[in-house]
Amino acid sequence: MKKPIGILSPGVALGTAGGAMSSKFFLMALATFFSFAQVVIEANSWWSLGMNNPVQMSEVHIIGAQPLCSQLAGLSQGQKKLCHLYQDHMQYIGEGAKTGIKECQYQFRHRRWNCSTVDNTSVFGRVMQIGSRETAFTYAVSAAGVVNAMSRACREGELSTCGCSRAARPKDLPRDWLWGGCGDNIDYGYRFAKEFVDARERERIHAKGSYESARILMNLHNNEAGRRTVYNLADVACKCHGVSGSCSLKTCWLQLADFRKVGDALKEKYDSAAAMRLNSRGKLVQVNSRFNSPTTQDLVYIDPSPDYCVRNESTGSLGTQGRLCNKTSEGMDGCELMCCGRGYDQFKTVQTERCHCKFHWCCYVKCKKCTEIVDQFVCK
């Protein structure tokens, strides 16, 4: 598989004819241009494929890849090339992105930053321009979502370039158990996710030691952490065969873990993420050298998190005003922490739930609908 070609090459020769003042203004304009270009780069993301209508994604290979791949919002040049080559993969890239976004929102549902999406191709807004631990989690869980979706699509025969898993038989599998079936092709899912997701970072060129180069290294590390988490959590699944459920024979195969398990593991990594900085050789190193170096499965970040308590257009924080909170909780979902000490308002709402359920022979459950008035609390 060919590597995407880098597209950013900001080498510019400056003439001297205009004098010192002209050169000064030219340099200022150039700096402004690249600052704007960086914002544009960060503002567009392949994550937007997870926000599209599924019909639009499936049309990529029905109508023909050439025009649609160029029109898909958020793809870098390298990712567009991969779209042209692997038309049938794009629907599952979108499914993987959607899986990652949903898992992010589940894991952070009780946090001040709750992985909210915005209505543009950045998906998460300006907050992703900050190299925070929240950004680290988002990159990791999105990359993990792509591995998950691609591996499953291979197993289900949806892709022309892969099929069932060819993973080697585990050494600890009992000798009388058969290794076969059609397992999730995690090897292929991992490789393609790496090629596609990392393409944007690898084609960006920035000066060694710059903030932008540190962000690239951070993003690549967290992408890999997400992929590795899916890979390492995959396990052997087995099915019994035999007369009357005797299980005299077992067939086993490699199977993806439930994605909630992946999200839980990455959330733990988020809580213990390592603060990093660039050293003189242009490598990421820990800010606190007394701690163990992060592994390939750990998350890393280079910026402190912004204040998520109040709305801030420059950082992308939406604030917590209007968020529901739990009056009795002392955790992050509690009104004291969620509302950042601003207090909360109380209102009553009507909830309808299934109740008084009974099992009827044979074979259904019949329930009544019960309504109750409950108190809810929202941050001021």
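In case you wondered, yes, glycine gets a Cβ from its N, Cα and C as well.
Among Cys309, Cys370, Cys379, the one Swiss-Prot lists as the disulfide partner of Cys340 is Cys309.
Between Cys379 and the candidates Cys247, Cys252, Cys335, Cys339, Swiss-Prot annotates a single disulfide bond, the one to Cys339.
Checking Cys240, Cys252 against Swiss-Prot, the residue bonded to Cys247 by a disulphide is Cys240. Put simply, Cys309 (disulfide bond) is 46 Å from Cys162 (disulfide bond) when counted between their Cα atoms. Distances between the Cα of Cys252 (disulfide bond) and those of the recorded positions Cys104, Cys154, Asn326, Cys335, Cys363 are shortest for Cys154. The Cβ neighbour count for Cys357 (disulfide bond), using a 10 Å radius over every protein chain in view, is 9. Cα spacing between Cys238 (disulfide bond) and Asn114 (N-linked glycosylation site): 37 Å, rounded to the nearest whole number.
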